[in-house]
Amino acid sequence: MRIAILSRNENLYSTSRLKAAGEARGHQVDVIDTLHCDIDIASNNPKIRYMGEELPQYDAVIPRIGASITFYGTAVVRQFEMMGTFCINESVAISRSRDKLRSLQLLSRKGIGLPKTGFASRPDKIQDLIKNVGGAPLVIKLLEGTQGIGVVLAETNKAAESVIEAFMGLKANILVQEFIEEANGADIRCFVVGNKVIAAMKRQAGEGEFRSNLHRGGTAQLVKLTKEERATAINAAKIMGLNLCGVDILQSKNGPVVMEVNSSPGLEGIEKSTGKDVADMIFEFIEKNAKPNANRTRGKG
């Protein structure tokens, strides 16, 4: 098969692992820089040009779209869809999951466990917003943040008010969420491919830190999921319409709660902590499912 990986940097761990895994299975794998793709829109003749040349027809595309280029990246993925190419994650599913507020609204509609969350453009009383999620300690998140950037733990109501006022002064969109203290700075990353959790790791925040992201110095180890955690991850992926994603779960006193569904999860942490060949399993899924015009919109909203 001829397969394209959309990635800004072919030397990144995830990109290089995917390329190597695909080639080891006998596929031709091309790494394409998303921002160097030009979209040609013509009636009944959609095309993509790359570095001035028309791209060939690919059997499948693996999008690795960074948060900073979501709009353009999903436009490129959508153009591949118009050309009849199988995309492991559809453009609409990537957009859906990348919007933190939208994804939480859709997950809540289907009864997925979530932390109490508030959102307001200009609340009449900031104290009411804080009260509605249970008061301090609480977490304040920028809607556009990634890898733990733009996430603040406010330990008192007064501190929460100050942070919210500061963000609002910058006209930033924020979420206010209850702090799941019993998680003790740990979360679980479930790596979902198709309708299966193929690997899972428990990430522990570093000393004095509450964010467990590996980019922020957290550590990771293999973890065995409960049936409830596994079902939560699979259902969250289905609701987002993603064939490939990382579902981040916290263990709360009320059961598992979903913090995020990541449409472009990194492979390094999950492969090294679990010893599983995740990249190979991704290509196994593609081989079974990639057919011309096989994309069918999954998820709603």
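Keep in mind that glycine also has a Cβ here, set from the backbone N, Cα and C atoms.
Going by Swiss-Prot, these are the annotated features:
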type: BINDING; residues: Lys141, Glu178, Phe179, Asp187, Arg211, Ser212, Asn213; note: ATP binding site
type: BINDING; residues: Asp248, Glu260; note: Mn(2+) 1 binding site
type: BINDING; residues: Asp248, Glu260; note: Mg(2+) 1 binding site
type: BINDING; residues: Glu260, Asn262; note: Mg(2+) 2 binding site
type: BINDING; residues: Glu260, Asn262; note: Mn(2+) 2 binding site
type: DOMAIN; residues: 104-287; note: domain 'ATP-grasp'
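Over the domain 'ATP-grasp' (104-287) the predicted model carries a mean pLDDT of 90. On the backbone, the CA of Asp187 (ATP binding site) and the CA of Asn262 (Mg(2+) 2 binding site) stand 14 Å apart. The binding-site residues close to Asn262 (Mg(2+) 2 binding site), defined as a CA atom within 10 A of its CA, are Asp248 out of Lys141, Glu178, Asp248.
Across the structure, Glu178 (ATP binding site) and Asp248 (Mn(2+) 1 binding site) are spaced 16 Å apart at their Cα atoms. Residues within less than 8 Å, Cβ to Cβ, of Lys141 (ATP binding site) and separated from it by at least 6 positions along the same chain comprise Lys100, Gly150, Val151, Val152, Ile174, Leu175, Val176, Gln177.
Straight-line distance linking the Cα atoms of Phe179 (ATP binding site) and Glu260 (Mn(2+) 1 binding site), rounded to a whole number, equals 15 Å.
All protein chains considered, the CB of Glu178 (ATP binding site) has 20 other CB atoms within 10 Å. In sequence order, Lys100, Ser103, Val247, Asp248 are the residues of the chain that are 6 or more apart from Glu260 (Mn(2+) 1 binding site) and have a CB within less than 8 Å of its CB.
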